[in-house]
Amino acid sequence: CLTFQLACCCGTAACSLCCKCCPKIKQSTSTRFMYALYFILVTIICCVMMSTTVANEMKTHIPFYKQMCKGIQAGEMCEKLVGYSAVYKVCFGMACFFFLFFLFTIKINSSKSCRAYIHNGFWLIKLILLAAMCSGAFFIPDQDTFLNAWRYVGATGGFLFIAIQLILLVEFAHKWNKNWTAGANHKQMWNGLLALVTLILYSVAVAALVLMALFYTRSEGCMYNKVLIGVNGGLCLFVSLVAISPCVQNRQPHSGLLQSGVISCYVMYLTFSALSSKPPETILDENNQNITICVPEFSQGLHRDENLVTGLGTTILFGCILYSCLTSTTRASSEALRGIYATPETEVSSC
């Protein structure tokens, strides 16, 4: 058993050989799961680095904290090991790791090729490589130039991530609507469930819109927040009308309010994220004192809204990652990125 465990970590043996209690899964699924596990591990480390509580606890409980920080050249109070700059460096190493294997696996046509064996195994060696890349980013010379350049890379990647995620959300809701509509041909219960889920999605979106208008705007000022909420709310209404328009219905008979409801909820989350990340505005009150506006009163000084956004974003991210790993990749998912929706007969699981 020890030999199999070593082979699983350092070689190409399947992880199901390590112990009898492991479930039997396809090699492609186990590979996706392991890469997702690496991603989640690094993401958790980044969350820890961003936590001011962890940084303060380190200063309090680690002996010779200042001397240690100076010894590893991390700044007087280890500011290079915590905060957004440390997260940028760790994410840069993780991005290099996944980009390296993206290039390594181009045009692999068989699971028996040499590159496929490396892709599906050697997990301990890959973990060491990932740790080395993330650690090596801290030794990049001219850190200020690197951080400034990486901000633009992160903004571009974030835009592409949101665009691709929106397209795949539409594809997911499209398949969801098509399956439940097909089930309605046998049981009318599916029509009721479809209407109920659609109503819940729109109720959540409308409630989020009203709450953001209530807490992030006021009669005077907050013009940016008002424009952002109004434009995004109007776009969600426009998308809903387009989804049920005769032109779209003729081209995509399975299109409906379910898809637009899913997108509306996601857009409301993005709007909430933008509002909570925006610096608060200050004005002079009747006593000529600066007061903070355009933020919820309960979150002033506590960052509760930012913590809520972080929690929601992390939950959505982990949910998408686990869903993509534990379900089979279909040709329809890749074709959806090009605006092509496959018929059920052409959807196949890829190895």
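Including glycine, each Cβ sits where the backbone N, Cα and C put it.
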TrEMBL annotation of transmembrane segment - which of the ranges 4-22, 308-326 it falls on: 308-326
Same-chain residues near the transmembrane segment (86-106), Cβ under 8 Å, at least 6 residues beyond its ends: 35, 38-39, 42, 45-46, 49-50, 80, 115-116, 118-119, 126, 129-130, 133-138, 140, 146-147, 150-151, 154
Considering the transmembrane segment (223-244), which listed stretch of 152-172, 193-217, 256-275 counts the most C-beta pairs under 8 Å: 256-275
Tertiary contacts of the transmembrane segment (256-275) (same chain, 6+ residues out, Cβ under 8 Å): 162, 165-166, 169-170, 172-174, 176-177, 194, 197-198, 201-202, 204-205, 208-209, 212, 216, 225, 228-229, 232, 235-236, 239-240, 242-244, 305, 309, 312-313, 316
